[in-house]
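Feature annotations, courtesy of Swiss-Prot:
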REGION    52-343  region 'Catalytic'
BINDING   D86, H88, D114  Fe cation binding site
BINDING   D114, N146, H195, H277  Zn(2+) binding site
ACT_SITE  H147  active site, proton donor
MOTIF     303-307  motif 'SAPNY motif'
REGION    344-366  region 'Calcineurin B binding'
REGION    385-399  region 'Calmodulin-binding'
REGION    400-407  region 'Autoinhibitory segment'
REGION    458-480  region 'Autoinhibitory domain'
REGION    472-513  region 'Disordered'
COMPBIAS  472-490  compositional bias 'Basic and acidic residues'
COMPBIAS  504-513  compositional bias 'Basic and acidic residues'
Amino acid sequence: MSVRRPQFSTTERVIKAVPFPPTRRLTLKEVFENGKPKMDLLKNHLVKEGRVEEEVALKIINDGAAILKQEKTMIEVEAPITVCGDVHGQFFDLMKLFEVGGSPSNTRYLFLGDYVDRGYFSIECVLYLWSLKINHPKTLFLLRGNHECRHLTEYFTFKQECRIKYSEMVYDACMHTFDCLPLAALLNQQFLCVHGGMSPEITCLEDIRKLDRFSEPPAFGPVCDLLWSDPLEDYGSEKTLEHYTHNTVRGCSYFFSYPAVCEFLQNNSLLSIIRAHEAQDAGYRMYRKNQATGFPSLITIFSAPNYLDVYNNKAAVLKYENNVMNIRQFNCSPHPYWLPNFMDVFTWSLPFVGEKVTEMLVNILNICSDEEMNVTDEEGATTGRKEVIKNKIRAIGKMARVFTVLREESENVLTLKGLTPTGTLPLGVLSGGKQTIETAKQEAAEEREAIRGFTIAHRIRSFEEARGLDRINERMPPRKEASYHHDAGRMHSHSHPPHPQASRRTDHGKKAL
């Protein structure tokens, strides 16, 4: 018995029309009422890919910064509360998160950082979350992630996104407000909530309270560790006695061990550490239980489903109420498509157009036969038309081959862009032709410790495969010659001193963000 396969039309579009984003930007008078943003209006406008006037964006960001600046470096929050992990510019999934977790008007929220970069709707996430903070300053809380800084937002996508959608002034305002974000939260006097993890320089909660957070995070030290550190890959079954080892995946900070966490929890009378920072296939992970309490010593929560549109992971939020902890998972939502690195469709289509135009020119020049090109003039001298036309054909033919390479490699270029942290191709790749592109692709795959059997042309089908290819993006990017300055003019060193407690180790950490 034959199985009938569904028939698809080859002459009609599956989706016949796409709504055009609103062209008019919302004004200050429209967005604000009694000094607070109108959340329903803003949400509906942003979901349609609408934008606001620059003065509206600046007011939301600066008003949010004023509230965040008044909060302590380690805030104290009470249950019931919903704890959320990385968002990474996935605005349409953030809307799904609030559907799953509950309306912010009657639900308490704690976000653990990484609101921007990698996704293409980061500024929408900032504007919406900061508007919620203005409306609910005592029930919605925001912590800093490792991506809320100048160094990473310049290296990845957020700075470019701000320039394209708004201006560099909006980006600078975001950097100022990121400097105001708290670094940790003490939940119900039971849980320490941070973005990354622990630090050998932090042995008690008071060490966190004393930290100066109002600056660009340095490349090392306790602030860096709170934002960047990870649990060991073999957390809970370590083969080393070291509490902290150098984080070879990040290129900065540390891996921390199960004994280090248990010791910290015991010394500070805590149940567990709740953190984000690493993608999880199920959206969360409960680590080995603390033998003294029977409760998981460490919990990772991740709230960006189908991360980068290739991970195929679920997202999750953690709801804590009446001493009961529940995990709610959710899948990704449809979202508008952006070409990599915010490329416009004209730039993307140039190789295709160029190939066809050069083909047409070659065909026009080839109309002349050999006999026509050998015609002599009245004085009997052979014209130079034959050589001139042949030279033109050769030149245009060479150009045609370049466009053909570009056209054939368009999809591969997209793939290579996705595997490079800056979203740009290595210098000289295109001028070297197809073979150079193939070589660059293979080098990219090797550099990222791609899993065995992976080829660039084939589609990424699993969480582990995506994580292996994206490993290079887990590292702290190389720093520029100039150090970053914060508002008071202090400078931070861009070198990383040797870790006194770091042993030589090649553990590979999990996917991180």
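Every residue gets a Cβ built from N, Cα and C, even glycine.
Keep in mind the model is a prediction, meaning the values are calculated, not measured.
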Self-check item: Candidates H88, H147, H277: member of the recorded positions with the richest Cβ shell (10 Å)
Solution: H277
Quiz prompt | Close recorded positions near H88 (Fe cation binding site), where close means Cα within 10 Å, chosen from N146, H147, H195 | solution = H147
Practice problem: List the Cα distance (Å, whole number) between H277 (Zn(2+) binding site) and D86 (Fe cation binding site). | Solution: 7
Exercise. Sort the binding-site residues D86, D114, H195 by C-alpha distance from the residue listed as 'active site, proton donor' and give me just the closest.
Key: D114
Exercise. Please report the number of other Cβ atoms within 10 Å of the Cβ of D86 (Fe cation binding site).
Key: 30
Self-check item: Same-chain residues at least 6 beyond the ends of the motif 'SAPNY motif' (303-307) whose Cβ lies under 8 Å from its Cβ atoms
Solution: 84-88, 90, 93, 96-97, 118-119, 276, 279, 283, 313-317, 330-333, 466, 513
Quiz prompt | DSSP-derived structure type at H147 (active site, proton donor), helix or strand or else coil | solution = coil
Self-check item: Secondary structure content, the motif 'SAPNY motif' (303-307) (per DSSP, counts of residues)
Solution: 1 helix, 0 strand, 4 coil
Practice problem: Kindly report the helix/strand/coil residue split of the region 'Autoinhibitory domain' (458-480) according to DSSP, in that order. | Solution: 11 helix, 0 strand, 12 coil
Quiz item: Roughly how many angstrom lie between the C-alpha atoms of D86 (Fe cation binding site) and H195 (Zn(2+) binding site)?
Solution: 9
Self-check item: the region 'Calmodulin-binding' (385-399): DSSP-derived helix, strand, coil residue counts
Solution: 15 helix, 0 strand, 0 coil
Quiz item: Counting all other Cβ atoms within 10 Å across every protein chain shown, which of the binding-site residues D114, N146, H195 scores highest?
Solution: D114
Quiz prompt | Spatial separation of D114 (Fe cation binding site) from H195 (Zn(2+) binding site) - C-alpha basis, Å | solution = 8
Self-check item: Mapped DSSP class for D86 (Fe cation binding site), helix or strand or coil
Solution: strand
Quiz item: Where does D114 (Fe cation binding site) sit in DSSP terms: helix, strand, or coil?
Solution: coil
